[in-house]
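Asks: What Swiss-Prot shows for this protein is this:
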- Thr81, Asp102, Asn130, Ala131: S-adenosyl-L-methionine binding site (BINDING)
Amino acid sequence: MVASRTSADGGMETSYGFRDVAEGEKQGLVNDVFHKVAKRYDIMNDVMSAGMHRVWKDALIAALNPRKDAGYKVLDVAGGTGDIAFRIIEASRRLAHATVLDINGSMLGVGQERAQKKGLSDNLTFVEANAEALPFEANQFDAYTIAFGIRNVPRIDVALSEAYRVLKRGGRLLVLEFSEVQMPLLDRFYDQWSFKAIPRFGKMITGEAEPYQYLVESIRKFPNQQDFAAMITKAGFSKVSFTNYTGGIAALHSGWKI
């Protein structure tokens, strides 16, 4: 489970894959990973999920069911390439507005290029900022989404508290993330796929194996479904629930600001 802890020298440590690193060091390491894979990020997700991430993202949008009006505002965090935000805008019949926030400029650059090509720029705002210190006043958004990004945040509890702060009363949090497999046979297959196949395919596709190795390890260090639900509740959210997909390979967590 990802959690900050005190190191032998009194500093705060967290997990970077299977390594323990200083809390302040993790963000730079994660940024380097995503600078390397930004232009092939969607291919990376295809490799890591055998294409299933597209189905899971569709399930997130179905759960969100964005309102079809111009006043509906969504904050999509760690959403640099725009994949979730584009789906939200289309599901709202191009009426909603999405703010895409990412700490990585390379990822945002890809998203902005894609938005222009899709003709969605008027519905989108791109912001380079940290999920742990959102540059928005309280009670601004109707929904907060984050897909396959929360496990890369050094202080997940802080990010969840920030999500709660910027949501309006009645606003909804939706977190899609790789999670703990619930089926023993699938678990063994998934381990083999993750640790042996994914880094190899990653190197073939992008020339880089290390980013994929980190991402695989980071999944194993992320809290399981129940523990992450407890973290969301601790941040102040109500009616917290989760839905497993593909035997628990991924899970969608939901919470409300009441």
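Quick reminder: no glycine exception, Cβ is built from N, Cα and C everywhere.
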Asks: Test of understanding: give the count of other CB atoms lying within 10 angstroms of the CB of Ala131 (S-adenosyl-L-methionine binding site).
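Replies: Result for Ala131 (S-adenosyl-L-methionine binding site): 26 other Cβ atoms within 10 Å.
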Asks: Identify which of the binding-site residues Thr81, Asn130 has its Cβ surrounded by the largest number of other Cβ atoms within 10 Å, counting every protein chain shown.
Replies: Thr81
Asks: Hey, what's the Cβ neighbour count for Asp102 (S-adenosyl-L-methionine binding site) at 10 Å?
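Replies: The Cβ of Asp102 (S-adenosyl-L-methionine binding site) has 27 Cβ neighbours within 10 Å.
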Asks: On the three-state reduction of DSSP, what should I expect for Asn130 (S-adenosyl-L-methionine binding site)?
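Replies: Asn130 (S-adenosyl-L-methionine binding site) sits in coil per DSSP, no helix or strand.
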Asks: With S-adenosyl-L-methionine as the bound species and Thr81, Asp102, Asn130, Ala131 as its recorded binding residues, calculate the greatest Cα-Cα distance and give it in Å as a whole number.
Replies: 16
